[in-house]
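Copied from Swiss-Prot, the annotated features are:
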- 11, 14: metal cation binding site (BINDING)
- 109, 129, 134, 144, 210, 406, 414: FAD binding site (BINDING)
- 561, 562: Hg(2+) binding site (BINDING)
- 135-140: disulfide bond (DISULFID)
- 1-65: domain 'HMA' (DOMAIN)
């Protein structure tokens, strides 16, 4: 008999559920689970996976750990088998716990490390730079703070209520805004990353650069000097991505910005040129424009060219209304930088003439941070772009090496990374979890915002799905009318015949606040009629989803306010 200690059970019914789960694990002959004792006595076959046992319990929301090892004379003892599987103490430490190496400290890495510890593993987390990764330090958090500040500046300068509230030209104190922004970044980094790691004795943090020696060992070049070899039972690669820089002649010899430098700039340039039409490019372009810069965007195609064409058209129109110059189908063939008496000047050569600017932001996408990992020593498969190829369980081509987040071929969103990290940890500790991205919401924080989930019409047709779609302009949404801001639309894509909702695209102020409702509707396979029949609070933007659903069989212009 082997014993598991179980915490988290609250009644005898919990014990029944745990018993059922354990007896479904291959190799378990019987399980006697006691809520009062907080334990499970197991009759198991030799070779039964201890990871599978703890994962089965964890899947119910409880925590299981192995009790003391049985006597040496007992053949097939669970802890003995575990040590045989995982190696001796020189590899896993005196605790005998599964040892997981995590490379990185961003959203995927943190989620994985914490979940792995919860599952009973011991973690070594390796970070070459600042703890926290891209999102909190140089991505989501500082950019959204800057975007919000720019939005406030814009409203003071211009709003739909200028007839009754006098507009004014705001004074922008960029250094003060930057100090406020970075203080919040520091606060969140400590509260959500550094402090959590420091307080968890099962996680060891190494500050240095990791590379693979082989598929069982890492070499860590420590930041304070020296090297350390880290042997592991499982490894998670969560190294994120960095700004990609296009091979434009002359560009590398200039002091161009990526988003990293732009977010911590102490000044707002008079003239800003932006190469790229990525999400980052568009969000920062509008923010800088609202803070006082004259902004010109060079887009290789159109804005949002991969999305429904109406999205790009709506955002382009909004940008041009604010004085942002959008040059579509325009690329820089040469970039030069001319040093002046005080400040230099960028000169961009295009097929349509020269563009001169005080600063240049290059935001053409992000490339996975995999080049310096020596992955050729492991056999891990990469895409031609250097992204790690993974399956829905975050497994790479090497059985015990996993990957999650922006360094993989998954969508580059921090919430996707965190969800992937959690599932990777479950799988590394013997579980079987997959990440389903069929109803993944995405938001672009321009104004109006862009929010999407599920299929666009073109994507559905590409996959052989016949569709029926409706588009509701915001002049039919009471909240937008009350705001005196009817820019944008909500579009629903429905599977023809079944009436099932399969996609939503929205361009609207605060569109991000409505898209999760759409995601839940898609995930739960709701029909458009079922969505139309739901109760939505009046004078909210999300009510637009109901109204858009009603357009499939009604003329909403003929409905009274909040008509059900």
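If you go along the chain as it appears here, the first residue is 1 and each next one adds 1.
Glycine residues also receive a Cβ, built from the backbone N, Cα and C atoms like all the rest.
Here the features listed in Swiss-Prot are painted onto the structure.
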{"residue": "109", "record": "FAD binding site", "contacts (Cβ under 8 Å, 6+ apart)": "102, 103, 125, 127, 133, 236, 238, 404, 405, 421"}
{"residue": "129", "record": "FAD binding site", "contacts (Cβ under 8 Å, 6+ apart)": "none"}
{"residue": "134", "record": "FAD binding site", "contacts (Cβ under 8 Å, 6+ apart)": "106, 140, 240, 241, 406, 414"}
{"residue": "135", "record": "disulfide bond", "contacts (Cβ under 8 Å, 6+ apart)": "106, 107, 141, 414"}
{"residue": "144", "record": "FAD binding site", "contacts (Cβ under 8 Å, 6+ apart)": "445"}
{"residue": "561", "record": "Hg(2+) binding site", "contacts (Cβ under 8 Å, 6+ apart)": "478, 538"}
Item to check | Summary of DSSP states over the domain 'HMA' (1-65), given as helix, strand and coil counts | outcome: 21 helix, 22 strand, 22 coil
Item to check | Between residue 14 (metal cation binding site) and residue 210 (FAD binding site): CA-CA distance (Å) | outcome: 43
Next on the checklist: So, three-state DSSP: helix, strand or coil for residue 135 (disulfide bond)?
Outcome noted: helix
Checklist entry - Hey, what's the Cβ neighbour count for residue 140 (disulfide bond) at 10 Å? => result 16
Checklist outcome for this item: Around the Cβ of residue 406 (FAD binding site), other Cβ atoms within 10 Å, all chains included, total 29
Item to check | Within the predicted model, mean pLDDT of the domain 'HMA' (1-65) | outcome: 81
